[in-house]
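These features come from TrEMBL:
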| type | residues | note |
| --- | --- | --- |
| DOMAIN | 7-345 | domain 'K+ potassium transporter integral membrane' |
| DOMAIN | 358-600 | domain 'K+ potassium transporter C-terminal' |
| TRANSMEM | 6-26 | transmembrane segment |
| TRANSMEM | 33-55 | transmembrane segment |
| TRANSMEM | 125-147 | transmembrane segment |
| TRANSMEM | 168-188 | transmembrane segment |
| TRANSMEM | 220-240 | transmembrane segment |
| TRANSMEM | 252-271 | transmembrane segment |
| TRANSMEM | 277-295 | transmembrane segment |
| TRANSMEM | 307-326 | transmembrane segment |
Amino acid sequence: SLYHSADVEVPAACAILIFLFALQHYGTHRVGFLFAPVVITWLLCISAIGVYNIFYWNPKVYQALSPFYMYKFLKKTQKGGWMSLGGILLCITGSHTSTNADLIVSGSEAMFADLGHFSQLSIKIAFTFVVYPSLILAYMGQAAYLSKHHILESDYRIGFYVSVPEKIRWPVLVIAIFAAVVGSQAIITGTFSIIKQCSALGCFPRVKIIHTSSKMHGQIYIPEINWTLMLLCLAVTVGFRDTKRMGNASGLAVITVMLVTTCLMSLVIVLCWHKSVFLAILFIFFFGSIEALYFSASLIKFLEGAWVPIALALIFSAIMYVWHYGTLKKYEFDVQNKVSINWLLALGPTLGIVRVRGIGLIHTELVSGIPAIFSHFVTNLPAFHQVVVFLCIKSVPVPHVSPKERFLVGRVGPKEYRLYRCIARYGYRDVHKDDLEFEKDLICSIAEFIRSERAECSIPILDSENDERMTVIGTSSSNLEGIRMHEDGDVDSSEIVGTSEPRVAKSPEKVRKRVRFIVPESSQIDNGVKEELRELMEAREAGMAFILGHSYVRAKKGSGLIKKIVINLGYDFLRRNSRGPTYALSIPHASTLEVGMVYQ
C-alpha cells in the first residue's frame, strides 16, 4: 500500500519529527489537553479491532495466554526458539500495534522520575487497567487473524494493518500517527527531566533549562538536548529506513533498562525496605533470569541495528563520567584550599593590604565560608575595596520567591572588617532585574541589615569555624519601612543619613552621582551604625567591581596518561562548551573582573 513505500514513509516521518521538536519550546501545557483523548482513542481503537478479530476469526485464541504454550514452544524449538525471542521482544517495542502505547508508558515512567507530570499511582492504574489489557486484546486479535491468514516473513511490517478491516484502515492510520506523536512527546519530556536531574547531581554538563509552566515545576525545555535529540532521531530514521532495525535497537534498549531496573530493585528491597537479602536474591533470580534470556537473544541482533543504543550509551556514559570525575576533583580542591576564618582574623581589619574606596562583589557558589578566590586575589594584589560582599545567587525549586524574602544578609568576621555575605534567591519563574535595579536592591539590603542587625528574623548557617547568622531582607520596593537609597546626578554637596540628620557639607567637586540613604524617622540608630552606613554610602559612590572566578583545571604533575586525557582534554572541553554557573548569567557586566585560578 501507499503508506508502506519507503519513499513516502521516511520523508513523512522526518517532517513529523522536525515539526514535533520545533514545538518543544512552547511547552507541553499548551497542547497537553489533547494528549489524553488521543491516547484513549488509540487504545480503545486497538482494543476494539482486537475483540473484532478474536470473535470473527478464532474465538479460542484466548488459550494462548497460558504460559504452558511458551514452555512447549521453547522445549520443541530449543536454540531456534531462543533466537526468536529477539523478534518476540519487538511486541513491546517495534510493532505497529504497541509502539505508541510503549512510548507513552516509557515516557510516563521517565517523567515520573521528576514528579512533574504524573503521580506513581496514576501510572500504575493506567498501565494495569488500560494499557496492558488493550495490548493483550490487540495481540490476541492479530494472533486470531494470523491463524487463518499466513503472512510471509517479508511482509512482517504490515502484520497489524492487514488485520484491520479495510474500511477503517486509513482512519486507524491517522489515529496511530497522532498517538505516535503523543508517545514521542512523552519520551522527549522524560528525557528533559532526566537530564535536568543528572545536571543537578553533577553527573552531566550544565545546560540551559527553561521552565515552560509557572504551575508545574517538572515542565521544562532544554534547547541543547532538544536539537541533539532531533538530529539523532533524524539520523536513525534516514539511516535505518525500516522498522525492523529500529525495533532491534529499541528492543535491546528496553530489555537492558528492564534488566538494570531489576538489579537496582534488589538493592531497594535490602537498603530501603529493609527486607532480607534472601528475598532480594529470589527476586533478582526470578525476574532477572527471564530478562537475561531476552537480553541474550537481543544481542544476536547486534549488527542489525542493536549496536545503536550500545554506541549511544557508551558515548553518554563517557561524557557523564568525565564531567562527574572532573567536578568531584574540583570540589575536593575547593575544600582543601578553603580559607579559614582564623586566617582572616590574623590579617586584621585592613586585611594586611590597602583598602581603597568602592565595593567589591565577589561572586561565589558557597553559602558559607570564604572562597579561595578571595585569598588568591589579596595575596597577589596589594589593594582591595573598603567594602567586600560575598554574593551568592541561588535558584530555588519554587516558581517565585517573594520580594520580601529575596535576600539573606550576614556578616563575615568582626564589624570593622566590612565584610558581608549576601545570598540572593530566585524562583525558577522569577525575572531577574536589570543591573541598576539589582545593585540598588543589593545595597539597600546590606544597609537595612546594618540598621537592624540585632533583629530576631535571622537564620543560622552553621560553619565548622564560624557560626554565621543570616537575616532575611526584602527588596527596597517591598520593604516600605526600611532604608531607601536615593541617587542624584546633580548633587555635589552632601549626603543624608536619616531624614532628621543635618547635611554634611563637603568640598566642591565635579558634578557626579551622589548617593544618600533615607532612614525612617522612627528609627533610632547609634553612631556606630551611622558611621558604617556612611562608609557604605561612600563606597557606593566610588563604584562597584564585580569579581568572578575563572578556574582552569589541570591534572597534577605525575598523573597517568588516562587522567591527563580525562582532565586536560575531556573535562576542559566540556567545561568550555557547557553553560556557565547561574550567578555568572545574572550579574551586571559593566565592571566585571575575572580572576583566574589553576586547579591541580
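Every residue, even glycine, has its Cβ placed from backbone N, Cα and C.
Automatic prediction, not curation, is the source of TrEMBL annotations.
The transmembrane segment (220-240) makes contact with the transmembrane segment (6-26): 3 or more of their CB pairs lie within 8 A, with pairs spaced 6 or more apart in sequence. Contacts between the transmembrane segment (168-188) and the transmembrane segment (33-55): present, as 3 or more C-beta pairs lie under 8 angstroms, all at sequence separation of six or more. Through the fold, the transmembrane segment (252-271) approaches residues 89, 92-93, 102, 106, 277, 279-281, 283-284, 287-288, 291-292, 294-295, 298-299, 301-302, 306, 309-310 of its own chain, all at least 6 residues removed from its boundaries and within a Cβ separation under 8 Å.
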